[in-house]
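Report on the structure given below.
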């Protein structure tokens, strides 16, 4: 009887041991290393372009000495970003943290809500407003805008345009011609869409940044935009100051204006008075008489000189 009860007991113990062996909890495998991409270099380059401080990494160790796990945290501009998983190597943990920081900063830059730069680009120039609105309608698959222009007589800026788009009508400022009036109406629509659908419209505006920056120094429509009340600008005549030239009179310097100098009589420089020499006679007979007189004078004067020497 005892042998009969011992056999089923041994079978039960064996079954229980097998069940407990099957439910043994082994450590979960670690995640694979991150893909081969140097996110640390990308993050550092991004921060250098943004004129920010370089990232600082801090890695912590977990687990037993024979099975260590590393989790890294990177500090960027006072903000911390931690790695998603624990890794077997410190290098992989830092790359994971750099990837989290890099992806977060890029996404934040694309969806940032800083309206100042976008509105400044729109206000700088209106020449690309119609193209921006047209590109927006193409991407959102909506109907193209329709423009209407009205003219007011007796005004420096007689044209005013309105644009109908997506069930709304937007009116721009006054302009000197129809083309500028339509651009201003499109700019009013773009500003309104920035308030309601900022993300998609802001991307389109920023894509035109280089073109707007390049054309803005030309002063396109700046005179009209600076006078939104449509008042007459004050007229200020330009005064020209004629240049001066210098004239010398007997060692003194006088300053004359250009008109006076042009019509002033010219002053000739005084030449020294020199007694002109006697011109020789043109007649050959007269020249012969003149030579004979010289010989006679020499003959007469010769004895007188000798007499004076004898008297001495």
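Cβ atoms here come from the backbone N, Cα and C positions, even for glycine.
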Which listed span Swiss-Prot calls region 'Disordered', if the choices are 233-272, 273-312: 273-312
Reported mean pLDDT - the domain 'DRBM 1' (38-107): 91
Residues of the domain 'DRBM 2' (128-195) by DSSP state, where helix covers H, G and I: 30 helix, 18 strand, 20 coil
